[in-house]
Ligand code: FAD
Ligand code: AMP
């Protein structure tokens, strides 16, 4: 006898598990089908908790501590003995953090009486769901609602086939068992820059190949220029306009052939990470007659509220249009459930933050100066550096700035761009301001605590009108 559920969620990543929890809170009987195995054991939490956001941040934090201990403490009058790296311990700590969080999600599901169906789900015609467990008999479920949340997988390119030994994807790069002396990274996107930074800090000589002619083209130009300068100074070699054309693995080495400035060049590495983007994962998810429309790029087609072409079936997260980010997936999951329940929920896609968790971090929300101009706004902008901020100087974290982009006609805030200490947190001030449709003046009139990194936010808002205090500015207003 198969069980009766109001809602079946396929995929237990951040999108899927948050949807399941919110539905349970609203009184629905929920099942979440998740097939992932980690070290042979079923594991909740999707890409994010198992092989994405969380393990990469654990490595970023550990490697930052290692680098800071070696190079930043002396300035503070602290002398250490020889600093050594126990890579196995560092990796074990990362695994423990992952275990703690994936186990925590499983507990949360249990506590909310959500059934975790361990195995593979497939949407059939008529909104039925086939569940094939890791062990046992196939079941057919007939829920009232279905949420598809099967996420994404790394893109593979034929010129660099991943063997998870010498040529790895982002998952392989989370667990090198020794620090590669020479490390190549294909793709200067967010994941490539984060993983490149991790291994550079741990001792690798890192070269990042980027086929495009510009660095982080989606970011504000002032931010990408400053951020590029900072990463270069740290020793991360980023080759812009360098397209990898072929690779050849010989034993434990890989020769990378690439073209740059019209010239063909080669370089040999001990490991190569392929970080050229991610693609929606819908393999085996949909029966041919399930009725779900896909886009040309293989994404599930949805409207603004994540409803698919089949009534009662929603799709969220990396499987659908928009940025592939955990927080976007989470909010879409909650929105889909609220919609099922008849609530008028809506994700504000204009205020989804982007973060690169290097050190310093880079983060932004809303429009870049370039995009605002393209959209026809009469743009005014202002930025302020961390270099003259008291707290930043005290902490020795002086690189970067905060920049605001605003509409000159209405004073409405359009975007915020941060490179600097705690940028990932500071950017939320801009996100909240954008959500509340703030003017620049609103921020100018607020009292910011002293001494804080956030004072740079205040000064950046003031500098939009040429009236920052801790810089000599031509007074305009
Ligand atoms: P996923 O997290 O991919 O979860 C989908 C789950 O569905 C998977 O566990 C899969 O096993 C399961 N599944 C698929 N098909 C089936 C099926 N048929 N039956 C049963 N189960 C199925 N985002 C951020 O916001 N911040 C970051 O710092 C960040 N860092 C990242 C770092 C790395 C190295 C990577 C790879 C990604 C990072 N991301 C980050 C992106 C983030 O991980 C994804 O955007 C997020 O996980 C998407 O969530 P999701 O719920 O849509 O899908
Ligand atoms: P993202 O999609 O943000 O993770 O970024 C991936 C990056 O990889 C993009 O900026 C691509 O231009 C880059 N890329 C893709 N293929 C190649 C290649 N063969 N050589 C160098 N860079 C590449």
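Glycine is no exception: its Cβ is also placed from the backbone N, Cα and C atoms.
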Site co-member for NAD(+) according to TrEMBL, given 187, 188, 189, 190, 191, 192, 193, 194, 277, out of 210, 263, 296: 210
Among 75, 318 - the residue TrEMBL places in the same FAD site as 57, 121, 324, 325, 326, 327: 318
Pairwise CA distance, residue 48 (disulfide bond) versus residue 121 (FAD binding site), rounded so that it is a whole Å: 20
For the domain 'Pyridine nucleotide-disulphide oxidoreductase dimerisation' (354-461), mean pLDDT (0 to 100): 98
Candidate binding-site residues 121, 324, 326, pick with smallest Cα gap to residue 187 (NAD(+) binding site): 324
Secondary structure composition of the domain 'Pyridine nucleotide-disulphide oxidoreductase dimerisation' (354-461) [DSSP: H/G/I, E/B, coil]: 40 helix, 33 strand, 35 coil
Cα-Cα distance linking residue 57 (FAD binding site) and residue 189 (NAD(+) binding site), given in Å to the nearest integer: 16
Residue 326 (FAD binding site): tally of other CB atoms within 10 A of its CB: 22
Neighbouring C-beta atoms (10 Å sphere around the C-beta of residue 57 (FAD binding site)): 16
Listed recorded positions with Cβ under 6 Å from ligand 2, out of 53, 121, 318, 324, 326, 450: none
